[in-house]
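A.B. asks: Pulled from TrEMBL, these are the listed features:
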- 1-57: region 'Disordered' (REGION)
- 43-57: compositional bias 'Polar residues' (COMPBIAS)
- 59-149: domain 'GDP/GTP exchange factor Sec2 N-terminal' (DOMAIN)
- 67-151: coiled coil (COILED)
- 176-197: region 'Disordered' (REGION)
- 184-197: compositional bias 'Polar residues' (COMPBIAS)
C-alpha cells in the first residue's frame with residue numbers, strides 16, 4: 001500500500017511552477033523585477049510546503065491503516081491456520097483410529113478364518129472316521145447278508161444244516177443255561193423241519209403234482225410278496241393251516257400266541273432242570289412242568305414260551321410246541337422270500353411252501369417227532 005502511495009505521488013502533477021530565487025548569470029532582467037516577484041514566490045513556496053505536509057500526513061495515515069489492515073488479515077490467517085491445524089489433528093486421530101480398527105478387524109478376520117479352518121479340519125477328520133466306521137459296518141453287514149444267503153441256500157427248512165443251526169440240536173444234546181435262553185422265530189426256525197418229517201420215505205421218492213389254483217395264487221403272491229393276509233395266497237393258508245394249527249383250548253392265550261408269531265416276537269426255550277420262578281401270572285395260567293398252559297391238560301412240559309418282552313412264561317407240551325414251531329417255520333420261509341434271500345426257481349419255492357403246509361397239517365392232527 002505504501003509503495004502504491006509513493007507511485008501515485010510521483011505521478012501527481014506539480015502544484016506550481018518552480019522558479020529560481022536568484023537570477024542566473026547573463027540574465028537581462030532588472031533588479032526591480034526580481035523584487036516585485038519575491039512576494040509571489042514566497043506564497044507559492046508556502047502553498048507547496050503545505051501540500052507536501054498534507055501529502056505526508058495522508059501517507060502516514062495510509063500506512064497506519066494499511067498496517068492495521070495487514071495485522072487484521074494476519075490475525076485472521078493465524079486463526080484460520082489454527083483451525084486448520086486442529087482439523088488436521090482431528091483427521092489424523094481419526095485416521096489413526098481407523099487404522100487401528102482396520103488392524104483389529106484384519107486380525108479378528110484372520111483368527112476367525114483360522115478357527116473355521118481348524119473346525120473344518122476337525123469335522124473332516126470326524127467325517128472320515130465316521131465314513132470308515134460306516135464302511136466297516138457296511139462290509140460287516142454285507143458279509144452277514146452273504147452268510148445269510150449262503151445259509152438260506154445251503155440250509156432250508158426242508159433240509160436244514162444242523163452245524164449252522166445249533167438250536168436244531170435235540171434237547172438231550174443241548175446245553176442248558178441258567179436264566180433266559182432266547183431264540184427268535186425268524187433268525188432260527190426253532191426246530192428242524194426235517195426232524196418233524198414223519199414220513200418213512202424221502203420226499204424225493206414221492207409222487208406229486210402241482211395244483212394249478214394253488215400254484216397260480218403262489219405265483220401272484222411271489223410277484224409282490226407281502227405279509228398281508230388279505231391276499232388270496234395267505235388268506236387260504238390262514239384259513240386252512242395257520243388258524244387250525246394255533247387253535248388251542250385256551251382261546252385267549254391262543255390269540256396272543258398267534259399275534260406273537262405273526263409279529264415275530266415269540267420266544268421258545270427249553271426248560272432247565274432248575275427253572276426260575278414265574279411272576280405276574282398264576283400257576284393256573286402259565287401251567288407248569290407237568291401242565292400245559294395252552295391245552296390245560298396234564299402233560300410233561302419240556303419247553304416254555306414268552307410273548308414279546310412281557311416277562312411272562314407259559315409252559316407248553318411237546319404237541320403244542322410242534323404246532324407252534326410248524327407255523328414259525330412257515331412264516332420264516334415266506335419272510336425269506338419277501339426279503340429276497342431265497343434264490344430258487346418258483347416251482348421249487350412252491351413245493352417248499354407245500355411241504356411246510358403239510359407239516360402244519362400233521363402238527364395240528366397231533367403228529368410230532370419223539371425228540372419234541
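Quick reminder: no glycine exception, Cβ is built from N, Cα and C everywhere.
Could you tell me the structural context for the features on the list?
C.D. replies: Across the range of the compositional bias 'Polar residues' (43-57), the DSSP-based residue counts are 15 helix, 0 strand, 0 coil.
For the domain 'GDP/GTP exchange factor Sec2 N-terminal' (59-149), the number of residues in each DSSP class (helix H, G, I; strand E, B; coil) is 91 helix, 0 strand, 0 coil.
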A.B. asks: Taking only the residues in the coiled coil (67-151), give me the average pLDDT of this model.
C.D. replies: 88
